[in-house]
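For 6-25, 67-85, 105-131, 163-185, 214-234, the entry in TrEMBL reads transmembrane segment. Taken from TrEMBL, the feature domain '4Fe-4S ferredoxin-type' applies to 279-310, 339-369.
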Amino acid sequence: MLSPNEQIAFILLVVVCGALAFQGFNRIFKTVKSGANADRSDNLIGRFITALIDVFLQKPIAKARPIVSMFHSFIFFGFSFYLLVNVNDILEAYIDGWTTIGSKNIFANLFNVFADIFSVFVLVGMVFFLYRRFVQKPKVMEFNTNVKLHPGVSAGGLKKDSLIVGIFILVHVGSRWLGTAIHLADNGNTDKWLPTASIMSGLFSDWSPAALETGIHVTWWLAMGLIVLFIPYFPRTKHIHLMVAPVNLALGRKTHRGAMDGVSNPASPGARTLSDLPWPQVLDSWACIMCTRCHEVCPAHESGTSLSPSAMEINKRYFINEQGNSLFNGAADTALLDYAISDDAVWSCTTCYACVQVCPVGNEPMMDILELRRN
């Protein structure tokens, strides 16, 4: 349990970071709302049920890269379960005597074993992705040199974002895992329902009671304090796909392949600016996980042209983040060809639909290109 001062400090931290995060989420909502009309209201309940089932089964991510998809599933299932873990840790911080460690309750024991195993899964998965991004450096993660990129992307923004998210996950989950081990050392025993944490607890068996108490508090703050501090950054990072991707999948186009939305403004058909795009295609900017699967299967990109469907979605989000609220004071009039994609790339697209089919979050970069051509 936290001290009264710590409890107050955590509440204040949540309020401040929550207010900052609200601004980011509000900007996303306003930006998407500024897009052109598109009807996705048919069978809403069925759409969301199907999307949630697909996400839970990780069907969209399993379309390609089976090994990568497996490690992504480690993180997905582990991080999803960590919603319960975080709630439990907050209760433990504020309710005297609340703990699942050493409990005789079967539900508490099941919670412990899942938390223990999923912690290791997340850590292993995250180490794999950091190794892949920064050591292995697969060619499919790179863009052709003639692809239009936002200056922030050219300056290494994607790798910086990946590193920030990776470190956050490692510290958040790792601190909680080690904190559990310190709890066990403080109790002077191991727990069969916490197998890996019990192994780690031996590292702290020689610590004094005061050191163990300090370790428990430090790891709690590293785990929970860090996640609260991360919330304002959340709307700006690719991690936002955790929330947006299921919505994007649910609201996906149900028409025939390649069928476009109707023209909302006959005087100016198609799209010149971001707000000219149908609003679901504006939403694509935040659903994108920057996995580059789309340009890996794009025949135009693979043949060396300046087209990268992935770069276009990434450029859109970087532009939105850069402009902030000025997006609603004239900046939205900036042409997509000025920052998102080049004219050559627009006409390099073969409209083969491969980018749409392979995207694990339901993005439709080909439809953006068709809207630009229509204009």
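Glycine residues also receive a Cβ, built from the backbone N, Cα and C atoms like all the rest.
Using DSSP to sort the residues of the domain '4Fe-4S ferredoxin-type' (279-310) gives these counts of helix, strand and coil: 20 helix, 0 strand, 12 coil. For the domain '4Fe-4S ferredoxin-type' (339-369), residue counts in helix, strand and coil come to 15 helix, 0 strand, 16 coil, using DSSP.
Below 8 angstroms of C-beta separation, residues 28, 31-38, 40, 63-65, 140-141, 143-144, 146-148, 158, 161-162, 235, 238, 240-241, 244-245, 247-248, 251-253, 316-317, 320, 341-342, 344-346, 348-350, 352, 354-355, 357-368, 371 of the same chain, each at least six residues beyond the ends of the domain '4Fe-4S ferredoxin-type' (279-310), sit close to that stretch. Outside the transmembrane segment (105-131) by six or more residues, the chain places 71-75, 77-79, 81-82, 84-85, 88, 162-163, 166, 169-170, 173-174, 176-177, 180, 191, 193-197 with a CB less than 8 A from a CB of the stretch.
Beyond the transmembrane segment (163-185), the same-chain residues lying 6 or more positions past its ends with a Cβ under 8 Å from any Cβ of the stretch are 75, 78-79, 82, 85, 89, 99, 101, 115-116, 119-120, 122-123, 126-127, 129-130, 133-134, 191, 194, 196-198, 200-205, 207, 212, 215-216, 219-220, 222-223, 226-227, 230, 233, 237-239. The average pLDDT the prediction assigns to the domain '4Fe-4S ferredoxin-type' (279-310) is 94.
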